[in-house]
Amino acid sequence: MSLDAALETFYAEAKEHLESMEHILLQLDEGEYNDETLNDIFRSAHTIKGSAGIFALEHIVEFTHVIENVLDRARENEITIETKLVNLLFQCRDHIQALVKTSSEEFNDNISLQESGANLLTQLSPWINEQEPSSTQNEAEEKLPAINQENLTQQKCWHISLRLSSDCLKNGMDPISFITFLSGLGEIKHIETITDNFPSINNYDAETLYFAYEISLSTDADLATIENTFMFVQDDSDITILSPEATVDDYLALIDALPEDNQRLRDVFIKCGSLTEQTLAQAHKNKEEIEALNSKSQRDEVPPQPKALLETLKNSDLQQQKSTNERKSNKQIRIDSDRLDNLINLIGELVINQQRIDLLASTSKNPDLLEAVDDFEGFTEQIRDAALKLRMVQIGGIFQRFKRVVRDTAQELNKEIELHIEGAETELDRLMVEKLGDPLTHIIRNAMDHGLEPVEQRVSVGKQSTGQLKLAAYHEAGHVVIAISDDGKGIDIEVIRRKAIEKNIISAEMKLTDNELFHLIFHPGFSTASTVTNLSGRGVGMDVVKRNVESLQGSIEINSTLGKGSEFKIRLPLTLAIIDGFHVQSQDTHFIIPQTTITECIDLTSHQHIEGRHCIDLRGEMIPFLNISEIFMLNGQPNQKMPNKKSIPREELVIVQFGNDIAGIAVDRLYGEIQTVVKPLGPIFNSLKGIGGSTLLGNGDIAFILDIPQLIEMAINRDLSHRHLAN
Amino acid sequence: MSKTILIVDDSASIRQVVTITLKGAGFEVIEATNGKEGIAKLDGTKVHLIISDVNMPIMGGIDMVKEIKQLPKYKFTPVIMLTTEASEEMKQQGKAIGAKAWMVKPFKPEQMLQAVNMLT
């Protein structure tokens, strides 16, 4: 029986619950919570503890148990939610996270983790419910052992007093099975059946149990094992198990507690060998005292009544919320993401095959067939869109994570920062959402560290004391845009220029636009902060941010006004799996240009070229362009010559735009729109610039998917270097 | 014919452990993540035992068992409640709805199997 798979499930589940705990803690922090919220966070801790226990992850159980207790007290309104407690609970949550990531063995070796846990528990102590031991019980316990420590019987025997529920038989439980089970644990020395309750034959009900048992059992088993025997009946029944070390007073207390006549029970106990006449007489004089103590401690155990009432009130309050939750949850199912990816792959194959059929049909010239194939194409497209939608997830999930980052970072920096989230419902391919976490974290930390000013500085320039940070997502022209903006001090272009010159990234003479200067911060090893903090690092991050975004076929833009704030815009395609493409050809090679990037197609030869530059004049605007056959050295002939009118044959120019950048791509032939199933290129093509993937055409030919952002950048850079050369 | 057991718990890992254990011992298992789903999955199927968590979202174990016990078919179906909070109050509630046993989490799979074998 392998539980490894279940352990994996536990880790995934714990992660989910920790996320949910964090989310709720943020709500508690903002004072936005109700009983259901408190119940949810309690349940998360409760589930982590419960599951961890099953896998014997004691280090998790031990710590989480205390947190669970505190949260239980919070939901029972025994303690109030205060900032100090919430802060502490945040740390405890993180500690649980650390514990989950640590195996029991690692934990035993990890002194610092143990210490930090102990430290947290100490801090939590004001909120922990000390299980106040009732003083009366203590007194009784202290008194009892003093009286009689000697063995009551010759053999070391347990005494088991069984008063099973009268419904025991009705519930399908035969008392004999328990007795048989007990005899498996050791030797039953004596068993006395008490038939006092047996009714007259007229009142006899065959399904009711009338017997009680007093059993003397000789066994090496421990108390828990013996108790386990009665696991299923212990709640309806009165079962008392006295250990071989039990004193005569324990027995006397038991005799008092049992419903049968005391004298008769004494006789039964003596028959069992559990008591002797002598010990009974000896202990007799203490009896009254113990009775008094026991009755007192019993009074203390009576549960307070109003709780039940409170529970009913709570329930009615929650009814409405519960029913909405129900509706939501009934409409959702969970699917293994691998299955979904497989479905998308299959639909990719379907699309390719549909194109093959399309091609064959068009050669047949059969109008009926053409019409059928046309319909087929329509449905294939719909299936494709529906399947891709399955993989879309709301970006809100990842946005929520930043609430915590912002909260903690603000505290660390001693700044006041408010995070606003917009467009959390915007959907994006799951694969992309997963890869967005790191770049977003970096940009947000940068904004908090370098962008937003400390309170005094903000007040001195007339801004509100709390820095505003906004995380927004929205759709724009077939792309999803994620914008991170702040109302901080903005990016100082002059500082960037100075730094870039200092670091030999640009020369002092170079004339760059503001936008080009902003983009220098993505240059490897560039840092604008005069003092390096441990938060946003040493400028090693922004180039990684850019690379991450580009690996998702995305781009990043910066807008900033000095003194007013900055905005970073990440622009991403909706999905990476199947795209609407535009099929073009250069020499003998087929290419696909993602349709969302295309603004228009023009005839290259009919437009004026700027002398000495790879640039045309399009309605008064300078557009740099690239020739595909030149870039990819088709025919094996790299064209090193400077372009002039003669070297350019009649060509088509596809104008593409990405973000604010526009460029032209010169090709030999335009075919038109085509559904493109993106097949990634193997790792050996990683260094190949300008190609984002490949696809199969309906006729079986391979076409390369152009990486437009990279090509635009190449076109602009080439034009720039020509400009510098010209200068 | 193998006996069927309904396991209701919102924790996927606990469901998995219980399912692996029970299937290993030759039982059929029906899984549900909350009380509502438990009732839906039951749908007239003969089950020999119900194992349920108490605190679950949407519908807890106590409410579920209450509802199930209304159906004549399941009136005598034994129930084991799984919980970490075996408080007296909870036990009373469980007793009132006819739960046969409480298993306090964490329990060992063998311990649960022993319990199941005694009840089915």
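Glycine too: its Cβ is placed from the backbone N, Cα and C atoms.
Annotation source TrEMBL lists domain 'HPt' at A:1-103. The domain 'HPt' (A:1-103) scores a mean pLDDT of 86 in the predicted structure.
The Cβ of A:HIS46 (phosphohistidine) has A:GLU68 as same-chain neighbours under 8 Å, each 6 or more residues away in sequence. DSSP assigns A:HIS46 (phosphohistidine) to a helix in the three-state reduction. Marked as phosphohistidine by TrEMBL: A:HIS46.
What TrEMBL lists as domain 'Histidine kinase' is A:301-576.
Annotation source TrEMBL lists region 'Disordered' at A:311-332.
Look at TrEMBL and you will find A:313-323 tagged as compositional bias 'Polar residues'.
For A:407-434, the entry in TrEMBL reads coiled coil. For the coiled coil (A:407-434), same-chain residues at least 6 beyond its ends with a Cβ under 8 Å from one of its own Cβ atoms are 26, 29, 90, 337, 388-389, 391-400, 445, 448-449, 452-455, 465-475, 480, 533, 535, 552, 572, 574-577.
According to TrEMBL, the feature domain 'CheW-like' maps to A:578-717.
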